[in-house]
Amino acid sequence: MPFPNGSELRPSFVLAALPGPEGAQAWVAALLCGAYVVALAGNGAVLLAVRLEPGLHAPMYLFLCMLAAVDLALSTSTVPRVLSFYWFGTGEIGFGACLLQMFLIHALSAVESTVLLAMAVDRYVAICHPLRHAAVLTNAAAARIGLAAVARGVLFFLPLPLLLLPLPFCGSRTLSHSFCLHQDVMNLACANTTPSVVYGLTAILLVMGLDAVLICLSYLLILKAVLRLAAWKERLKVFSTCIAHICVVLAFYVPLIGLSVVHRFGRDLAPLVHIIMGNIYILVPAVLNPIIYGVRTKQIQRRILSLI
């Protein structure tokens with residue numbers, strides 16, 4: 001089947017930058033760099049604190065380490081490339097590098113979603129079946145869940161770049177974000193993208209969508225168990241153990257939903273909205289997660305303060 005005139009199979013793409021003068025873009029780059037440093041320091045501190053504190057060698061904190069590692073990998077796969085764009089003007093990204101970055105973003109997001117679900121199940125078992133918690137959720141079980149999360153992310157989202165490989169690209173090469181996302185790259189193809197659309201939507205629903213439903217179900221069961229307690233103080237004390245996880249779930253899913261809504265219904269929105277939503281999706285969970293758990297977990301606080 002002949003390709004349209006002027007089409008290419010392996011084009012370079014142009015990353016989107018915030019509109020405005022160079023001075024404003026320098027401030028944006030400084031803010032992104034600051035947020036990235038906070039994410040590196042915060043998640044690195046969590047990993048080190050759990051590693052050095054024997055009392056934190058439990059499934060709940062192993063899941064927290066997995067979350068920190070995923071946040072480090074996700075932000076590192078995007079932010080340095082964005083900063084090089086702002087600082088050195090390297091606005092183009094090769095086709096292969098773009099597909100690799102796209103795969104990493106979606107696969108790591110799937111891994112993070114799976115870890116958040118595992119943490120919700122951990123809270124459910126700890127509150128609703130406390131006597132079985134130590135037997136059901138062991139460190140070995142947590143390690144197996146981590147491996148399954150990685151395998152799930154790879155298997156579900158590896159087909160996304162493979163479906164884009166044979167497509168020709170013509171016309172505009174400018175992306176809507178400062179990094180590569182499947183929906184963004186797919187919209188630049190000048191061929192039938194129905195298989196890619198269907199598979200991408202199916203993968204999102206079967207991973208992030210299903211995880212969100214199961215997390216909500218876990219908290220409904222937790223809330224039901226908490227309301228059975230007689231004293232309000234006891235109810236608040238038990239449910240307060242879930243506050244940090246609820247905040248982390250919101251920090252992940254709210255930007256994810258916002259970015260999806262912008263892609264689906266925001267074609268007429270200003271480019272600034274797309275770029276800001278993309279940066280929020282990448283950086284907000286990585287910055288907030290260690291802060292949330294650092295504030296809520298006294299053992300992590302003490303260990304980090306001792307390291308400082």
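If you go along the chain as it appears here, the first residue is 1 and each next one adds 1.
Just so you know, glycine gets a Cβ as well, placed from its N, Cα and C.
Small disclaimer: the values here were computed from a predicted structure and weren't measured.
According to TrEMBL:
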TRANSMEM  26-49  transmembrane segment
DOMAIN    42-293  domain 'G-protein coupled receptors family 1 profile'
TRANSMEM  61-87  transmembrane segment
TRANSMEM  93-121  transmembrane segment
TRANSMEM  142-165  transmembrane segment
TRANSMEM  197-222  transmembrane segment
TRANSMEM  243-266  transmembrane segment
TRANSMEM  272-295  transmembrane segment
- Under 8 Å, at least three CB pairs between the transmembrane segment (272-295) and the transmembrane segment (26-49) (pairs 6 or more apart)? yes
- Query: Who are the chain neighbours of the transmembrane segment (142-165) in space, where the CB to CB distance is under 8 Å and they lie at least 6 residues beyond its ends?
  - Reply: 59, 62-63, 66, 99-100, 102-103, 106-111, 114-115, 118, 182, 185-186, 189, 195-196, 199-200, 203, 206-207
- Message: If I count Cβ-Cβ pairs under 8 A between the transmembrane segment (243-266) and each of 26-49, 61-87, 93-121, 197-222, which range comes out on top?
- Response: 93-121
- Same-chain Cβ contacts of the transmembrane segment (61-87) under 8 Å, 6 or more residues past its ends? 15, 17, 25-26, 28-29, 32-33, 36, 39-40, 43-44, 46-47, 50-51, 93, 101, 104-105, 108-109, 111-112, 115-116, 118-119, 122, 139, 142-143, 145-146, 149, 178-179, 248, 279, 282-283, 285-286, 289-290, 293
- Message: Six or more residues beyond either end and a Cβ under 8 Å away: which residues meet both conditions relative to the transmembrane segment (93-121)?
- Response: 10-15, 60, 63-64, 66-67, 70-71, 73-74, 77-78, 81, 137, 142, 145-146, 148-150, 152-154, 156-158, 160-161, 164-165, 179-182, 185, 203, 207-208, 211-212, 214-215, 218-219, 245, 248-249, 252, 256, 282, 285
- Note on the structure: Within the same chain, the residues 6 or more beyond the ends of the transmembrane segment (26-49) and with Cβ under 8 Å of it are 18, 56, 64-65, 68-69, 71-72, 75, 79-80, 82-83, 86-87, 279, 283, 286-287, 289-291, 293-294, 299-300, 303-304, 307
- Task: Kindly state the mean pLDDT of the domain 'G-protein coupled receptors family 1 profile' (42-293) in the predicted structure.
- Result: 89
